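Undergrad: Below you will find the structure I want to go over with you.
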Amino acid sequence: MSISIQQLAAFSPLLIVDLSVIVVMLAIAWRRCHKMTAGLSIIGLIAAILSLFFVSGDIPAHLTSLLQVDGFTLFYSALVLIAGLATCIFGYSWLKEHQDNKDEFYLLVLISTGGAILLACANHIATLFLGIELVSLPLFGLVGYVFQQKPSLEASIKYMLLSAGASAFMLFGMALLYADTGTLSFAGIASGLGQSMDQQPLLLVGIGMLLVGICFKLSLAPFHLWTPDVYQGAPAPVATFLATSSKIAIFAVLVRIFIEAPLIDLPSVKLVLSVIAIASILFGNFMAVSQTNIKRLLGYSSIAHLGYLLIVLVAIKDRQLAIETTGVYLVGYLFASLGSFGAVSLLSSPNRGQDVEEISDYRGLFKRRPLIAVVMSLMMLSLAGIPMTLGFIGKFYVLAVAMQGSLWWLSAAVVVGSAIGLYYYLRVAVSVFLPSLNGHVAEVVETSSLSIKAGALVLLVSAAIVVILGVYPQPLIDCVQFAKPW
Amino acid sequence: MDIVFYVAAAIAVLTTVRVISHTNPVHALLYLIVSLLAVAVVFFSMGANFAGALEIIVYAGAIMVLFVFVVMMLNLGGEEIRQERQWLSPSLWIGPGIISALLLIAMVYGINSLQHGAIHYHMLGGKSVGVSLFGPYVLAVELASLLLLAGLVVAFHVGRDKTKLDSMEEEA
């Protein structure tokens, strides 16, 4: 088997990210210089984003039986690369005062981004597993990056142990799928499903175990217990990455599996996914109401958002609409999460103990840091799904998908969930404009340095995208229609 | 070969149960080594010689020996055994146990439904494994190396000796 240059060229985003991992590693071995490491990582990620435009002429392309590139891959690669880039920029200003080694942060973010791109390319169970592990293994280190602080270390250990358990489930499920169908490619499993599905209990057990693992990584409702603790313990830039890149990539590969293989035709799978979706929406929103810590609140809110998205899988019969909904919703979720977690990380520093994360700390923020305050409240409005923001368009699409598929229970859950969500999102959005309570807030006051300005620029761009695409979503919809896996 | 398979599989299951239920860490690890060896025998009985050899060399040989050394050096015993015994109280494991038993029933039912459910001896040597690893799966091998790199970086960052590093920096 030979691999031609043209084939490799189609995978240049993945190759560029992996190359920059090696370059950054060698640069660290040569000299530890925070500025240089961060610069190299950011250049690598930007080069990978630019390469997406050159690749778009060569699609669809296949590389061995493991990988393929199509519009779907390019779109989701772009999303995870943007998430990685924003994480590096937020990480730079956050780490600047960190006393310990700073350079490994970028190395791990790059490896994890590479894994996320791999997931977007996957059309084989082996690449699916490698991708999921490549995304989550660096995250163990990133979540526990400031292991001198107890919550960070605790979050890391929790995430590692539970994640390993979920991976074991997933591997076992893959083994059962292989035992039954004799192949590991998505297409092969799909054709195995085609023949008399009710007579294959082993296949069902395998699919169930695979879904357990994936639902854990997406923190959907009965597998969500780790989410708030890990989000709270993780440093703010890492929480940004955890909430965006890993979830987007894993959801993208899940959509690809469900489009390739008619899993939703199995009544049991449909029922289980519907129950998980409703449970995630209700549980995530109900638990978020009582939170006073903004990272925990965003953690619970991400459970609810993934629950909304899961409806797309239940209604995947209408492929075109399902793909559009996933794309629009995930773009909205990406930029709203970047904005809100980015604001937390720009205000925090590892030197000042824990991150600025109590909602009461955010009172009076408008007076002190008007830009961050406005972005923060805008992002909360978008997450809540208020009209004129991208979050509204996404939620509108989800409701349209649910109605189209006559999924009344799920539509009702979306409505109830959004109503509850409005309460806690608005609470945060309003609190930044309230006068501050007496007491010292340990936030970063320096505003002049370049790193803070770069972070603020990312916030501004996210806010602009959320508002502009919320008012005029047509460019995004055109872009999403290009992102087809067929 | 069927008898070898079943005997080895039974040993693997029983010793793994003892790994979990034993209160002395060193004894539990020794049972784990036996369990890994039994799994290797299962591989051999099905003709997967390469996988069986790797199981012995990597798991039973390298990793478990390291584990045993570390646990022996930590000199656990006494206090830990009492704590382990406390953690093994039925109220803690009965719930997960029942759920796992249900899962086991579902899986046994699933495996029984297979039509081609016989144990075949099919010789699979190192050469054919190598051909597929460096043929269609060569990218997976490369990506797995990246995974190892990530593990190494994480282990280095979290596990390095902080005090030693500081003194080295001072000398420099």
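Yeah, the Cβs are placed from backbone N, Cα and C, and that goes for glycine too.
Keep in mind that TrEMBL annotations are predicted by a computer and have not been checked by a curator.
These came from TrEMBL, pasted as-is:
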type	residues	note
DOMAIN	A:122-420	domain 'NADH:quinone oxidoreductase/Mrp antiporter transmembrane'
TRANSMEM	A:6-30	transmembrane segment
TRANSMEM	A:37-54	transmembrane segment
TRANSMEM	A:74-93	transmembrane segment
TRANSMEM	A:105-122	transmembrane segment
TRANSMEM	A:128-147	transmembrane segment
TRANSMEM	A:159-179	transmembrane segment
TRANSMEM	A:202-226	transmembrane segment
TRANSMEM	A:238-259	transmembrane segment
TRANSMEM	A:271-290	transmembrane segment
TRANSMEM	A:297-316	transmembrane segment
TRANSMEM	A:370-394	transmembrane segment
TRANSMEM	A:406-426	transmembrane segment
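Show me how these features fit into the structure around them.
TA: The list of residues near the transmembrane segment (A:159-179) in space but at least 6 beyond its ends in sequence, with Cβ under 8 angstroms from a Cβ of it, reads 125, 129, 132-133, 136, 139-140, 143, 189, 192, 202-203, 205-214, 216-217, 223, 225-226, 230.
Through the fold, the transmembrane segment (A:238-259) approaches residues 72, 76, 79-80, 83-84, 86-87, 90-91, 109, 112-113, 115-117, 119-120, 122-123, 128, 131-132, 135-136, 139, 142-143, 145, 186, 214, 217-219, 230-231, 295, 298-299, 302, 306, 309, 312-313, 316, 319, 322-323, 326, 330, 333-334, 337-338, 341-342, 344-345, 485-486 of its own chain, all at least 6 residues removed from its boundaries and within a Cβ separation under 8 Å.
Within the chain carrying the transmembrane segment (A:370-394), a Cβ under 8 angstroms from the stretch's Cβ atoms is held by residues 301, 305, 325, 328-329, 331-333, 335-337, 339-340, 342-343, 346-347, 362, 418, 421-422, 425-426, 428-430, 432-433, 456, 459-460, 462-463, 465-467, 469-471, 473, 476, all 6 or more beyond its ends.
Residues 274, 277-278, 281-282, 284-286, 288-289, 291, 297, 301, 304, 307-308, 311, 314-315, 380-381, 383-385, 395, 398-399 of the same chain lie 6+ residues outside the transmembrane segment (A:406-426) yet bring a C-beta within less than 8 angstroms of a C-beta in it.
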Undergrad: Counting CB pairs under 8 Å, which listed stretch among A:6-30, A:37-54, A:105-122, A:271-290, A:297-316 touches the transmembrane segment (A:202-226) the most?
TA: A:271-290
Undergrad: In terms of Cβ proximity under 8 Å, which residues at least six beyond the ends of the transmembrane segment (A:74-93) contact it?
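TA: 13-14, 17, 34, 38, 41-42, 45-46, 48-49, 52, 55-56, 59, 105-106, 109-110, 112-113, 116-117, 120-121, 236-238, 240-241, 244-245, 248-249, 252, 327, 330-331, 334, 338, 341-342, 345-346, 444, 449, 451-452, 454-455, 458, 462, 479-480, 482-483.
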